[in-house]
Structures are given as structure tokens and as C-alpha cells.
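Chemist: Below, the features straight out of TrEMBL:
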- GLY47, LEU48, ASP49, ASN50, ALA51, GLY52, LYS53, THR54, GLY93, ASN149, LYS150, GLN151, ASP152: GTP binding site (BINDING)
- THR54, THR71: Mg(2+) binding site (BINDING)
Amino acid sequence: MSEYIDGTNCPWIPEKQHNMLKSKQSTQHYSKSLIRLRSKLRLLLLGLDNAGKTTILKSLASEDITQVTPTQGFNIKSVQSEGFKLNVWDIGGARKIRPYWRNYFENTDVLIYVVDSADIKRLEETGQELSELLLEEKLRGVPLLVYANKQDLGHAVTAAEIAEGLGLHNIKDRDWQIQSCIAIEGKGVKEGLEWACKNIKRK
């Protein structure tokens, strides 16, 4: 479960465009010096209902994932990674809850978006929700980590296919990465989080 794609290794972007992408990604709206000095980060975990957000959260916190129920409001867990204390906010993804997502945008350091790789019928819906998130002013320039979850299911599409379907290669205003994972087994979950922390450290 080590498959990942980001804005600098995306196979369908020519080398010259890679260089342009790196240049544009360096223009963040928050103070990079302040980020380096901080030991606490706020991560926002979003995605459609049943994508596996809470399972990922519990996996990151090394908690029992055998008893996971749909999130009607939000969950918060604190985890350690790469020298940071990460406060991870998991917000419910049901359609009736999504309008309230914007109440949690403030002071977000990393946006984590979870996709059910096996729910092909909802890929268009999840893509639309992500597109709207990336237009939000309070999330402008915030690094994006996409988890392509449920890769263990036989009909799951690959991380590369999801990246193309979501149009991630068109993102030029922030760093991004898509990470294959199997949340119920913990595979690929911590690797994604490590990328997020290292990305912040580079700022």
C-alpha cells in the first residue's frame, strides 16, 4: 500500500509543467515562518459519508476500529507525527451535514479528503464536493491529502484513476498528494500523515 501520487510526481504532467507547478505551489497564503515554529497543527478530515473518515481517524490514534458508527457531528483526536501534535477534526459526511463543513475551515493547516475507491457511482459527487472545498477562501493554499480508501475491495479503482477523475493534476495553488490506503487494516494511513507533516516542515 505504498502507491501515492503528488503534484511533483504526477505521470501525466510534462517536466516543464512540473517546474511551473512547484513555483505556484510555493505561494501559500499563511506565514511559513510561523508554521515552522508551531508544534501543533489542525487537520480537517472531510469526505462523503461511508468513505472511511472515522476509521482513518481511529487508525491514526491506534484505537479499536471494530466499532465504528456514522459520524453525525464531529470527532476530534490528537495524534503525534514527525514532531507535531496533530488535532484531527473528523466531520460527518452525510448530505445534510455538509453545509456545516465551512464552520470548521478556520485555521486549518492540512485538508484531508477521503474517497471510497470502491464506490464508483459516487465519484462524481465526491469530486464536486472537493472542487467546492478548494474554492473556499479559508482553505486557500492549504495542503491537500487525499486518501484513496478501501483499496482491498476487488472493484476499487486505483489512486491514479481517482487522481485523474478528481482533476488533481489541475491543482496549482497548493501542494497535494493522493495516498492509497486500507483504513480497516491501517495500511497507507500513517504514510499519508507523514507526507502532510513533512510538507509543513518544508514551508
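Numbering starts at 1 and runs along the chain as it is shown here.
Cβ atoms are placed via backbone N, Cα and C, with glycine included.
Where the annotation comes from TrEMBL, it is an automatic prediction and has not been curated.
Let's see these features in context: how buried, what's close, how far.
Modeler: Shown in sequence order, LEU45, LEU46, GLY47, THR71, ASP90, ILE91, GLY93, VAL114 are the residues of the chain, 6+ apart in sequence, with a C-beta less than 8 angstroms from the C-beta of LYS53 (GTP binding site).
THR71 (Mg(2+) binding site) falls outside any helix or strand according to DSSP and counts as coil.
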Chemist: Largest pairwise Cα distance, Å, within the listed GTP binders GLY47, LEU48, ASP49, ASN50, ALA51, GLY52, LYS53, THR54, GLY93, ASN149, LYS150, GLN151, ASP152?
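Modeler: With GLY47, LEU48, ASP49, ASN50, ALA51, GLY52, LYS53, THR54, GLY93, ASN149, LYS150, GLN151, ASP152 as the binding residues for GTP, the largest Cα distance is 22 Å.
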Chemist: Using a Cβ-Cβ cut-off under 8 angstroms and a sequence gap of six or more, which residues of the chain neighbour LYS150 (GTP binding site)?
Modeler: GLY52, ASP116, SER117, ALA118, ASP119, ALA156, ILE182, ALA183
Chemist: For THR54 (Mg(2+) binding site), what residues in its own chain, 6 or more apart in sequence, show a Cβ-Cβ distance under 8 Å?
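Modeler: Non-local contacts for THR54 (Mg(2+) binding site): VAL68, THR69, PRO70, THR71, ASN75, ASP90.
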